[in-house]
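J.: What follows is a single structure, and I will ask about it in a moment.
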Amino acid sequence: KEGYPMGRDGCKISCVINNNFCKVECQAKWRQSDGYCYFWGLSCYCTNLPEDAQVWDSSTNKCGG
């Protein structure tokens, strides 16, 4: 599984071309994962996630609310 990790506010975690920052954010939540800064979305994106990992989803987005 893969997807955008969420901060405590339910929003995607922002980044500006900093893959190492995103890798640390992903691994803090899911130890075996990897991550990078998705350039077009300016958000961290995680890979190698467990199937039950909770990631940002546009249909259940609670960011800012």
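Just so you know, glycine gets a Cβ as well, placed from its N, Cα and C.
From Swiss-Prot, for reference:
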- CYS11-CYS63: disulfide bond (DISULFID)
- CYS15-CYS37: disulfide bond (DISULFID)
- CYS22-CYS44: disulfide bond (DISULFID)
- CYS26-CYS46: disulfide bond (DISULFID)
- 1-64: domain 'LCN-type CS-alpha/beta' (DOMAIN)
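Situate these features within the shown structure.
T.: Listed in sequence order, MET6, ASP9, GLY10, CYS11, LYS12, TRP56 are the same-chain residues six or more apart from CYS63 (disulfide bond) with CB atoms under 8 A from its CB.
According to DSSP, CYS15 (disulfide bond) is assigned to coil rather than to any helix or strand.
Close to CYS22 (disulfide bond) in the fold, though at least 6 residues off in sequence, lie ILE13, CYS15, GLY35, TYR36, CYS37, CYS44, TYR45, CYS46, each with a CB less than 8 Å from its CB.
The number of other Cβ atoms within 10 Å of the Cβ belonging to CYS46 (disulfide bond), over all protein chains shown, comes to 24.
Helix first, then strand, then coil: DSSP counts for the domain 'LCN-type CS-alpha/beta' (1-64) stand at 14 helix, 14 strand, 36 coil.
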J.: Measure from the Cβ of CYS15 (disulfide bond) and count the other Cβ atoms within 10 Å, all protein chains considered.
T.: 21
J.: Mind looking up the mean pLDDT for the domain 'LCN-type CS-alpha/beta' (1-64) in the predicted model?
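T.: Within the domain 'LCN-type CS-alpha/beta' (1-64), the model's average pLDDT equals 94.
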J.: Among all protein chains shown, how many Cβ atoms are found within 10 Å of the Cβ of CYS26 (disulfide bond), not counting that one?
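T.: For CYS26 (disulfide bond), the count of other Cβ atoms within 10 Å is 25.
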J.: Including all protein chains shown, what's the count of other C-beta atoms within 10 A of the C-beta of CYS44 (disulfide bond)?
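T.: For CYS44 (disulfide bond), the 10 Å Cβ neighbour count is 26.
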